[in-house]
Ligand SMILES: CCCCC/C=C\C/C=C\C=C\[C@@H](C/C=C\CCCC(=O)O)OO
Ligand SMILES: [Fe+2]
């Protein structure tokens, strides 16, 4: 008789325990155990419990699986979940199971999954294996069946032509009702205007696509803690504005001070500097350390579409230099909003809105401060498209800068933030779930960086991107414009843009002083790269090991076709040929899912709460002459009261990660069980802790501390 001892951990989540019967079967190289019910006196599998346990000890019990003979090396653990008496079925969150063999060998089985309904789950020991490292037909077959099941559950959907593909939420509904469809479903569904589930709820000023929120597969759903925390962030702020009538009031703001007082308790630094002389340096500062720090390109000559002359800039540059000298020194930069030139425009509160496609020229002065030099609000120069200068009258210059801030809002929210972090990370998540089995080292590495991304994007699609959702209610381009911008953005997005060091070099911004996003981002990039490189070199010893990993290649290929629509000119790889290429690719994915999202997401309230710094819409066309702007015309150009407040609610909500956070580098789910990767994780955590200490020390001497890339404040994944 051989006795195997099992220690089963149920997750600490609400309703993680189950009343269903759980049995186990062990499969080894020398045979299979009988199916053994895991049952003890009292309640098994309660939430948060580690049920490990000798039959005799007080409160501590042990499950035993008895076999006629030893099973050899344990290959699989089958968990059977079946009906118990007349109780209705309930879900079980199984964290992990540790099996101790009769000879004392300990085998870990990471699970970290919700197990739903009555079913059998087959787990492999935690040692990560690529397909090339498996030879037993039983294990190869197991990999294949696991992926087939996942591909049935997580399917791709086309949201709009030219968009990265995303998860098809309706497939979860089909799974539950046990309907099985083809593995990939790609029905276009951008036009949901006639979707009867998209409707207004009492007191909520935009439509919500209710059905898409209802069916979320439990392994990708927000935890109860996260959902409740999101609601706790939303409800008081929303009620406060509702009671004060701000969410329903149409018309212009009467004075700037009223905008300053929208938030009583959550004021930010931006309103203080806006219309002071320091406003220009703050305007420049945001290109480096604001929510959209990816716009600047160094110029060696001016583009012909921006006919700024040396004379125009002479009063600004001073007597000791000139435009040509500054171009030669690499001190002149351009932010070009060309992508907005053809964007469709929306109506808000029944009135036509307006969009500009500015060009903003900036200079790093001898003190190292980045300052705006000139703003042209359209892409085609001419008498009706004046070049605004800091030497113009105060209101003209302020309005020109506000137009640029409106363009920043549109490009940042739609492209830098939603497209390049939320949507791309969703595609990485879906490809990872569909193409890599649980035992694959890349699955173990990436899964924590996909946590909650499908859920938050589903919420965004149901509340923001849906017809008459928030984007249609607050932005000058609406969802039609959003679809246009994202499609155009994806068509121009490259692998260089995706990899921080390459992107910074290509934009020629390595030498700008006080670029904290760059400095902190590069440190985090290197820490991620070192960690990933250790993991990759442990599992892939040669180029051939990468090239022959058919699962890995299918995963890269699927990302290339589904996220980047197979566009060769994007520079994204469609296959990987060496460990070095794999390290770069994985580092970029982890960086963008974590640090990049934090950099472009967490400051939305800080920088946007002062609405003129991030107006979501403009109500008058860009000025065609100078000298006509007044305080009144300025206020009549900014968004109306209800538009402002609905947008600020969103900023408030998404700038705070709801509870149940997992900061960068924290992996409480122990998918890796071998010593080497666990040591790499510990080294990664130490490295991030040092980066955090350095950032905090640097921040002490800054008038405006930059904390968005402080590692403990970065989430592992896009989860808000
Ligand atoms: C005011 C109530 C809105 C309810 C929304 C609930 C939660 C937010 C869910 C997801 C948010 C995701 C992203 C959205 C980012 C950009 C979308 C484009 C917005 C725009 O153009 O205005 O934020 O992290
Ligand atoms: Fe976000």
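Backbone N, Cα and C atoms are what each Cβ position is placed from, and that goes for glycine too.
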Per TrEMBL, 417, 422, 597 bind Fe cation; matching candidate in 243, 259, 262, 720:
720
Can you give me the residues near the recorded Fe cation site, meaning same chain, not 417, 422, 597, 720 themselves, Cβ no more than 8 Å from the center of the site's Cβ atoms?
418, 421, 425, 456, 600, 601, 654, 718
In sequence order, which same-chain residues at least six apart have a C-beta under 8 angstroms from residue 90 (Ca(2+) 1 binding site)?
15, 18, 19, 20
How many Å separate the Cα atoms of residue 597 (Fe cation binding site) and residue 114 (site 'Essential for stabilizing binding to COTL1')?
27
Here's one to test understanding: among the recorded positions 39, 114, 417, 422, 720, whose C-alpha is closest in space to the C-alpha of residue 17 (Ca(2+) 1 binding site)?
114
In whole Å, how far does the CA atom of residue 39 (Ca(2+) 2 binding site) lie from that of residue 114 (site 'Essential for stabilizing binding to COTL1')?
20
When you measure from each Cβ to the nearest atom of ligand 1, which of the recorded positions 17, 39, 90, 114, 597, 720 fall under 6 angstroms?
720
To the nearest whole angstrom, state the Cα distance for the pair residue 720 (Fe cation binding site) and residue 114 (site 'Essential for stabilizing binding to COTL1').
22
Residue 422 (Fe cation binding site) in three-state DSSP notation:
helix
For residue 417 (Fe cation binding site), which residues of its chain lie six or more apart in sequence with Cβ-Cβ distance below 8 Å?
291, 597, 600, 601
